[in-house]
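Worksheet: the structure to be examined is printed underneath.
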Amino acid sequence: MMSRCMRGFPCYILLVLCSVDPMNCSLKKSAGIPTADGNSVISVEYNKFDVMKKACAPGCEKNGNCNKEEGRCECPWGKTGPTCSDDQLPNCRASPSAPPSCGVNIPKNCHCYRQCAELYCKAASGQVDINDCEHTLGMALQAGTCFIYQGKAMAEQWSAIPRATDAVDWYRAVPFHEDVQQQMKVPAEETFMALAPRVPVLHLSECPDQCNNKGSCLKDVWSEDDGTGGQVQRSSARCVCRKGWQGHNCSEPDPKEACWFDPTCGGKGTCVAGFCHCQPGYWGLACGRSSAWAPNKGSVVVPARTKLRIYMYELPWQVAFPAEFDDGLNGRDPLYTSYEHFLTRFLNDSEVRTENPHEANMFFIPMLAYFYSGNVLPYDAHVAKVIHYIKTTHPWWNRTNGGDHFFWLTSDRAPCGLRPSVSGRAIRVAHFGMSDQNHDWLHREGMHKEVKEKGCVAAARDIIAPPFVDLGNSSSEHPADMEKPLKWQWVNEVWKSIAVGPSHQPNRTLLFFFVGSLRLDEEGYSGGVRQAVAKLFQNQDEVKQKHPDVFFSEQGVPNYAELFMTSKFCICPYGHGWGIRTSIAILHGCIPVILQDAVWQPLEADLPLHEFSIRISLTDIPHLFEALRAYSDMDLARMRVAMAKHYQSFMWQHELGGRAYEAVLGALHARLVNQWAGFYRRHKRHRVMLL
């Protein structure tokens, strides 16, 4: 190799400067670096880019956005084609102008459900398999009922609930094959019914303004006292609006819910049921893109090394989209929304985000997995579909088998259900840090062989991010299914108090507390921890006598939040996946006692968590009382001082001083360095692109 390179510059050095074949590299001689002969110099231009504007079809921007990087027309959910005029879900609309829905809670036309199965349940073979779907709606297709209008052409098979007098055939689930239609017919008494709640569905004419053609009509039924000791049945019709609409007649736009990532679409567009229709010249999520770049001919591309520069993919709605979960189910449990808070901040972070993939050193895949699987259902089919799209559409993944890519998975046990062969070397940002490949429930619950052999996470690669803790500045009545929400004012007062006197905390009169279900017959729920805790308290009268400063309850209590502020230690097990107690404890100045063998905690690989938390193994739980009483007041003060440096990293509310977003960015940068350092195996050498 040396003999074929310029004198004095070995090829492994020239790779930094040269974009041509490293076995035959050459450079222009001009002004810059002296060469070995001392008579000429080498000058190199690098990271010079030209504006690129790939054209879209005329008319694209009437209903869609022209993605000038790909020359692709971005369309609203359900529409496709070069001008967004092709309808992929035509039979899922109540009328030609109505928004589509794949919801199964309210019956749809059977042809609609076939189209939804094509969208959500297409296996790698290209065949529809409703037992292998990427979305909860695909998984639920067999649970609902559907109808087909008699004697009407396909183009007239709308999903508006028919009148009682219309000629329709009703079916249980979806009759994909004509030979089974007769067996799948629904008895008359089971027609015109929603699934949950089990109430009648009505023709749109029964609801106010026909729900403005943006929803469905339900009949609520209830009983009231008739004043004589008897009961009288009452009923009323109400609209259930499609995502993006609200109000008693679905006439009011709802961008705050539909376009949660930026209801104003960056001030450059309009939210249409989760899709930002941008002003000409803009495209992408929240209309955040306006530039596309290509390397200047002759310029050398060297991805950034001095700071984190992240490029985010813009995915078509067929690949990933925040659509409704089901009819009338558009919201998310705040507990699982850390990803949303990250994305919202990232979209406007010009210091970190780049529109230029050539200068990026990391790539963000907006997987939107929670919108497809919720918190407990399988998500691997969706992840596989998205990654397949990335691999076959863009060049960046294949350089390192995804080693410089990341995506979020916030469901209960993610990423335990994801095969490493699917996600490659990508960084998985999740909340459950199970690292023990021999954990019993991985085997009992049928986890894939790859997961059982390699464990769920690799700390040098994956990131365990803090979950979102609701501090009372949102509409949720979470967390932890208890009766009172946490409040920011309490957190603020706690840390003011600790700043004044970390060793003097007179309000912390409890040694520790535990409130929560024990699940005695479900050892895998917490790795046996709750059973061990239950054994400690099996004789509660004796415990109360010996340890009056310990509080234990299997039931929810109204002062749950206050207990975090009146306890020195807070017990933190997990439960059917990740738990939120570690984060809640830290935010309230309570020393977390982590009873989670082989489970990485939020940011544990990135912050000195050991300085302000305690780990006790399952085998040591019988000695829990003695272990905690061994800590002096000065020990606790030292731990609170250490915690004060980092507690904001567990809080997503930027407006309240939270720095969870910055903490995750720091963790991503560290993983990038881990890759450069070879701390986890490279897929293949690619020296130029790993610079």
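Yeah, the Cβs are placed from backbone N, Cα and C, and that goes for glycine too.
Here TrEMBL flags 1-25 as signal peptide.
According to DSSP, the secondary structure content of the domain 'EGF-like' (52-85) in residues is 4 helix, 8 strand, 22 coil. Here TrEMBL flags 52-85 (among others) as domain 'EGF-like'.
Here TrEMBL flags CYS56-CYS66 (among others) as disulfide bond.
For CYS75-CYS84 (among others), the entry in TrEMBL reads disulfide bond. In sequence order, ASN63, GLY64, GLY81, CYS84, PHE275, PRO316, TRP317 are the residues near CYS75 (disulfide bond), counting only same-chain partners six or more apart with C-beta under 8 A.
Taken from TrEMBL, the feature domain 'EGF-like' covers 203-251 (among others). Taking the domain 'EGF-like' (203-251) as a whole, pLDDT averages 93 in the prediction.
Taking all protein chains in view, 23 other C-beta atoms sit within 10 angstroms of the C-beta of CYS207 (disulfide bond). TrEMBL lists CYS207-CYS217 (among others) with the feature disulfide bond.
Spatially close to CYS250 (disulfide bond) yet at least six residues away along the chain are CYS211, ASN212, LYS214, GLY215, CYS239, CYS241, ARG242, judged by Cβ distances under 8 angstroms. Under DSSP, CYS250 (disulfide bond) is assigned to coil, being neither helix nor strand in the three-state scheme. Feature annotation from TrEMBL assigns disulfide bond to CYS241-CYS250 (among others).
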* What's the CA to CA span in angstrom from CYS217 (disulfide bond) over to CYS66 (disulfide bond)? -> 36
* Short question: which residues 6 or more past the ends of the domain 'EGF-like' (52-85) have a Cβ under 8 Å from it? -> 92-93, 99-100, 269, 272-278, 280, 282-284, 287, 289, 292-294, 314, 316-318, 321, 323, 393
* Structure fact -> Cβ neighbour count (10 Å, all chains) around CYS56 (disulfide bond) is 21
* **In the chain carrying CYS66 (disulfide bond), residues 6 or more apart in sequence that have Cβ under 8 angstroms from it** => ALA55, CYS56, CYS60, CYS73, GLU74, PRO280, TRP283
* Asked: Minimum Cβ neighbour count within 10 Å among the disulfide-bonded residues CYS217, CYS241: which residue?
  -> CYS217
